[in-house]
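Chemist: What Swiss-Prot records for 9, 10, 11, 12, 13, 14, 15, 16 is ATP binding site.
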């Protein structure tokens, strides 16, 4: 099948779109990609909805997400179905649940194609974390690149996600094939601080962090958070570590950004200790791989090669969008999308609902 996946991540930068050829098991090829950036005004609308479960801010964010995705996906042709993640505004798997806004039924009507959406709710309702959901796709990617030794995929978006893959197993559902969890905050605290202090959306190229020094006292307080002592699988909301900025409030701009960047790397290093076997390499995806300071910190902290996924022919900007294209096909075929090793759910779960164009 030819599937089009779309992802609007916690970094709030825009909509990624990508085509994957797959049967929901193997990857046969990758197709065209696209990107639709959010304007500063649109990012402000999304930020206003973060951490909320209902109300006008949530409705405004949902309308924006649906409209932006319709624009981002309209130009793709020859697509059998669409995988639509939506925008996560709130995520409390042990509390109120999970909320991704955006109307999949309206999107199906606009695109005149079936849309698979609401990927996380079933997993959470059945006791899982609802995240990460990309690991089944990461397993397929490991097979596609011909990996023979255990490896990790590290996604550095607003939140960091780690997937440990043992490609010696034939299927991702087999116990031991996958372990996945959120490592901790990644780009989100840096982006928020850059916006608040300097009016910039991110630390471009790690330039601000490069001029600073990591404050070890703040780093130690950060690593003492209970989340890091929990065994995986486990997941985070974008705002779970909002107090991080308070830990660096008295520091200079450069020291504050360097410290938040160091916190991301330290959280990954601590999370890697949970891997069943030492991975041969860590393949980094997401916006964080463009930050050379963060990549250097990771390489110093880890005992294996740390490389962008482009080193193996994958597209680090589009991997999550590709993941939801792949997962959409799995949903359409009645295959599972999460398992105990990825979200902690008690059994295999095939999440996601399908909206057809004539249902809207």
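Every residue, even glycine, has its Cβ placed from backbone N, Cα and C.
How about a rundown of where these features are and what they're close to?
Modeler: Taking Cβ-Cβ distances under 8 Å and a sequence separation of 6 or more, the neighbours of residue 13 (ATP binding site) in its chain are 37, 38, 43, 201, 287. DSSP classifies residue 13 (ATP binding site) as coil under the three-state reduction.
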Chemist: Let's check the environment of residue 14 (ATP binding site): how many other CB atoms sit within 10 Å of its CB?
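Modeler: Around the Cβ of residue 14 (ATP binding site), 18 other Cβ atoms lie within 10 Å.
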Chemist: Is it possible to get the count of other C-beta atoms within 10 angstroms of the C-beta of residue 9 (ATP binding site)?
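Modeler: Residue 9 (ATP binding site): 23 neighbouring Cβ atoms within 10 Å.
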Chemist: Report the residues of the chain - excluding 9, 10, 11, 12, 13, 14, 15, 16 - with C-beta within 8 Å of the mean position of the site's C-beta atoms, for the recorded ATP site, in sequence order.
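Modeler: Sorted by sequence, the hits are 7, 8, 38, 157, 158.
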Chemist: 10 Å Cβ neighbour count around residue 10 (ATP binding site)?
Modeler: 23
